[in-house]
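Chemist: Provided herewith is a single structure, encoded as structure tokens, for subsequent inquiry.
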Amino acid sequence: MDKLKCPSFFKCREKEKVSASSENFHVGENDENQDRGNWSKKSDYLLSMIGYAVGLGNVWRFPYLTYSNGGGAFLIPYAIMLALAGLPLFFLECSLGQFASLGPVSVWRILPLFQGVGITMVLISIFVTIYYNVIIAYSLYYMFASFQSELPWKNCSSWSDKNCSRSPIVTHCNVSTVNKGIQEIIQMNKSWVDINNFTCINGSEIYQPGQLPSEQYWNKVALQRSSGMNETGVIVWYLALCLLLAWLIVGAALFKGIKSSGKVVYFTALFPYVVLLILLVRGATLEGASKGISYYIGAQSNFTKLKEAEVWKDAATQIFYSLSVAWGGLVALSSYNKFKNNCFSDAIVVCLTNCLTSVFAGFAIFSILGHMAHISGKEVSQVVKSGFDLAFIAYPEALAQLPGGPFWSILFFFMLLTLGLDSQFASIETITTTIQDLFPKVMKKMRVPITLGCCLVLFLLGLVCVTQAGIYWVHLIDHFCAGWGILIAAILELVGIIWIYGGNRFIEDTEMMIGAKRWIFWLWWRACWFVITPILLIAIFIWSLVQFHRPNYGAIPYPDWGVALGWCMIVFCIIWIPIMAIIKIIQAKGNIFQRLISCCRPASNWGPYLEQHRGERYKDMVDPKKEADHEIPTVSGSRKPE
């Protein structure tokens, strides 16, 4: 008699065996790497990388830099710095993560002496992640506030003070008085003139610029900003709720790791382009738009600016930070690629997309600002802003003057939301990837609790940034953590991989993935990796040290303890570089010279993660999947691949 077939609902255990396991649900059946998982599709990876690279800076920093550095002329140093600094580092990090299938800390099995560089990258990413989600919370608040028939910052209201005005305000004027029968003309405060029913003499008025309604709304309503960092105040409850919502969105998108975030980015990475196109089309139809675009990249371009070193420094700095190199995220995201993926073409696509997006965003921004300048009777130079002032003061002010202002405001802030979210996805993935590499068994069983736990801890740490002094904290972290630490990590990354591990050896590793290339293909990359890119990064680092100034927010200086805290944050991030180097040297054997030499050799478990990809060069490497060898081993006796 034939064996009875079991009903389908009895086959759940059998199905689990086929598809990795219920504990390891972030790994798909067809994944090449059944331990860590891979991207479901190539497009998941590309959109995640584009979303990570294209962030808020592309919208609120690049257009202003272009305008202030000669307009269209700025694109020349920008393109040159992309080729000399941005793309070489981007390609290197993508290749590094993909080759070893490891995150930014464990990937330093390539050079155990420099493992602290990876820790520095992750710590800086953590600090930046804390305040970056606060900016997303600001965007959420403004988006919700826009769901009204009239934007709340369109006019001065009960929350504003006497300085709220779109036109200059009279502060003093001359009045005619009679004293003991003698007529006198004296200068008085305008408030005194009004109280005493005097009239200003025509032409005697002294003016000061008024504060736009959008500026007072930002400071008095949205932030409830205190007088300085010394005055913490209370937690602004609606910003705290928006921050919580932002973290809930991030946690929900990452609960299955790259398997879930790789689907969400189809919306978060592509939607900003739709909004930018809509804003550009709308802006181009407005009166004065052509003047704004002319200031941005047209007839106002000043090629004499190319003689100024500041312009080249700004171009290099913008490229370096906008591509998100040396943050650890590129290594983390690339570690989930299949081994034979063409990371070279990916690097080209993402870098070009990032730069073209910056240029495109500038047209959308300046067309609207040109219209704002036109209706207010000002020059474009008087209304253009950068950073927070552009996103939450200048642009909202311009949108408030448009017919259907709430609709355009909702679109704009929803775009900022999506721009921030996919950058945040990659930053959190950097943290969870680091945990996964260090504790793989724990991560398989507890990916969801660990991911949500990270989000919860970072939310709690971010609450200080939604107090009445929150904006000062945001600016402080950005000023210290998102600067020198990243430059130091990038310089040491190049020195370690190219000069110590060996640029030629790294090229051989890369060719195992993308195939052998002719010598002329690598000529450019060798020139950049060995000489040009390190020199540029060192020059930027020295320049930033020379140009360092105490942080301030507007005209408000930071207290001494705030500056000291900023230095403590950056020292905490980079101190792990010497600490880990000392630990590795202590773990090694022999005299100090022998220990140093052994620490500069790859660990015994460095190489392709899967045995099928190791070939002759890595046939003797220790299997990284074995628990005993998962941690970076003592480097004495490390194998040096031929």
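Indices start at 1 and increase along the chain as displayed.
A Cβ is built for glycine as well, from the same backbone N, Cα and C atoms used for every other residue.
Okay, these came from Swiss-Prot:
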TOPO_DOM  1-44  topological domain 'Cytoplasmic'
TRANSMEM  45-65  transmembrane segment
TRANSMEM  72-92  transmembrane segment
TRANSMEM  110-130  transmembrane segment
TOPO_DOM  131-234  topological domain 'Extracellular'
CARBOHYD  ASN155  N-linked glycosylation site
CARBOHYD  ASN163  N-linked glycosylation site
CARBOHYD  ASN174  N-linked glycosylation site
CARBOHYD  ASN189  N-linked glycosylation site
CARBOHYD  ASN197  N-linked glycosylation site
CARBOHYD  ASN202  N-linked glycosylation site
CARBOHYD  ASN230  N-linked glycosylation site
TRANSMEM  235-255  transmembrane segment
TRANSMEM  261-281  transmembrane segment
CARBOHYD  ASN302  N-linked glycosylation site
TRANSMEM  315-335  transmembrane segment
TRANSMEM  348-368  transmembrane segment
TRANSMEM  399-419  transmembrane segment
TRANSMEM  450-477  transmembrane segment
TRANSMEM  480-500  transmembrane segment
TRANSMEM  528-548  transmembrane segment
TRANSMEM  563-583  transmembrane segment
TOPO_DOM  584-642  topological domain 'Cytoplasmic'
REGION    622-642  region 'Disordered'
COMPBIAS  622-632  compositional bias 'Basic and acidic residues'
Chemist: I'd like to know which of these glycosylation sites, ASN202, ASN230, ASN302, is least surrounded, judged by other CB atoms within 10 A.
Modeler: ASN202
Chemist: With pairs 6 or more apart in sequence, are the transmembrane segment (450-477) and the transmembrane segment (110-130) linked by at least 3 Cβ pairs under 8 Å?
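Modeler: Contact between the transmembrane segment (450-477) and the transmembrane segment (110-130): present.
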Chemist: Three states by DSSP: which one describes ASN155 (N-linked glycosylation site)?
Modeler: coil
Chemist: Find, among the glycosylation sites listed as ASN155, ASN174, the one whose Cβ has the highest number of other Cβ atoms within 10 Å in the structure shown.
Modeler: ASN174
Chemist: Are there at least 3 C-beta pairs under 8 angstroms linking the transmembrane segment (399-419) and the transmembrane segment (261-281), leaving out pairs fewer than 6 apart in sequence?
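Modeler: Answer yes: the transmembrane segment (261-281) meets the transmembrane segment (399-419) with 3 or more Cβ pairs below 8 Å.
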Chemist: Sorry to bug you, but what's the C-alpha spacing from ASN189 (N-linked glycosylation site) to ASN197 (N-linked glycosylation site), rounded to the closest Å?
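Modeler: For ASN197 (N-linked glycosylation site) versus ASN189 (N-linked glycosylation site), the Cα atoms are 12 Å apart.
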Chemist: Could you name the stretch, out of 45-65, 399-419, 480-500, with the greatest number of CB pairs under 8 A to the transmembrane segment (348-368)?
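Modeler: Highest pair count goes to 45-65.
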Chemist: Tell me, roughly as an integer, the mean pLDDT over the topological domain 'Cytoplasmic' (584-642).
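Modeler: Within the topological domain 'Cytoplasmic' (584-642), the model's average pLDDT equals 77.
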Chemist: Given a separation of at least six residues and a C-beta threshold under 8 Å, show me what packs close to ASN163 (N-linked glycosylation site) in the same chain.
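Modeler: Counting only residues 6 or more apart in sequence, the Cβ neighbours of ASN163 (N-linked glycosylation site) under 8 Å are ILE169, GLY210, GLN211, GLN216.
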Chemist: Counting other Cβ atoms within 10 Å, pick out the least crowded of the glycosylation sites ASN189, ASN197.
Modeler: ASN197
Chemist: Of the glycosylation sites ASN155, ASN174, ASN189, ASN202, ASN230, which sits closest to ASN302 (N-linked glycosylation site) by Cα distance?
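Modeler: Spatially nearest to ASN302 (N-linked glycosylation site) by Cα position is ASN155.
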